[in-house]
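K.L.:
Straight out of TrEMBL:
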ACT_SITE  Glu139  active site, proton donor/acceptor
ACT_SITE  Glu236  active site, proton donor/acceptor
DOMAIN    20-252  domain 'Xylose isomerase-like TIM barrel'
Amino acid sequence: MLFSANIGFLYTDLPLPDRIRAAKRAGFDAVECHFPYDVPVAEMRAALDETGLPMLGLNTVPGNPAAGDFGLAALPDRAEEAAAAVRQAVEYGAAMGAANVHVMAGRTDGGAAAEQAYRATLGLACDLAAEKGMTVLIEPINRRDVAGYHLAHVEQAAETIAALGRDNLRIMFDCYHTQIMQGDLIRRFQTHLPLVGHVQIAAVPDRGEPDGGEICFERLLAAFATAGWKAPVGAEYKPRGGDTEVGLGWLAPLRAALT
Ligand SMILES: O=C(O)C(=O)[C@@H](O)CO
Ligand SMILES: [Mg+2]
């Protein structure tokens, strides 16, 4: 099993390009990020070239987090901002060599207008991403952490993907969020595997290192591998002690157990 360091949550004491270098030293096979936009893309590219790590993805900007925004794509009255966020993410992502762009939906009332806006933004994202050979990801996010998030269930993501009928639209299967909202992770993953573009893990409920809580990662990821998952799994957790290096004791044993 291969692992990707999510440098949005890991190594947060370092500048982003140095987080890529730290991930390489720690033995990760890939990296992924959240919002790299303040860093000149050439600096990200240089760290990726130097380490040889693939960049799996980045997020569209969330809007104004201080005002409670957690994405824009499904907000009917923010369509222009959502489109600009998509253009920015595809452009930056392509320059960095990223494989995927995660388009963040935002908090909505869950009504038809929101889903219509969401599909319109995703259609644009798929068109732009296709020109760069990139895939668009949509991620069901738990509503305990992000109340009102438009996309919270894997089946809803599958419905949206079916409605759009695009080849480059996939699910970000984040086991942390889906365990909280729905559970039944192994069956749900097997059922939706053809639609899954990326997998992420963290302990539940504390979102710490994947070495405890209510998920047995060894058995979960063994089942994912048996189902056919070969791409890296994203380590998207918040180190419990704050120090990423100190908390990395989970990586080698989990990798060894899965080989
Ligand atoms: O919160 C998550 O889970 C994510 O994967 C992020 O991309 C959202 O910021
Ligand atoms: Mg995630």
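Quick reminder: no glycine exception, Cβ is built from N, Cα and C everywhere.
Computed from a predicted structure; not experimentally measured.
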K.L.:
Pop the Cα-Cα gap between Glu236 (active site, proton donor/acceptor) and Glu139 (active site, proton donor/acceptor) into the table, whole Å please.
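P.N.:
The separation of the Cα atoms works out to 13 Å.
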K.L.:
Return the count of C-beta atoms lying within 10 angstroms of the C-beta of Glu236 (active site, proton donor/acceptor), excluding that atom itself.
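P.N.:
By my count, 26.
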K.L.:
For Glu139 (active site, proton donor/acceptor), just count the other CB atoms lying within 10 A of its CB, please.
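P.N.:
Glu139 (active site, proton donor/acceptor): 24 neighbouring Cβ atoms within 10 Å.
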K.L.:
Over the span of the domain 'Xylose isomerase-like TIM barrel' (20-252), how high is the average pLDDT in this prediction?
P.N.:
98
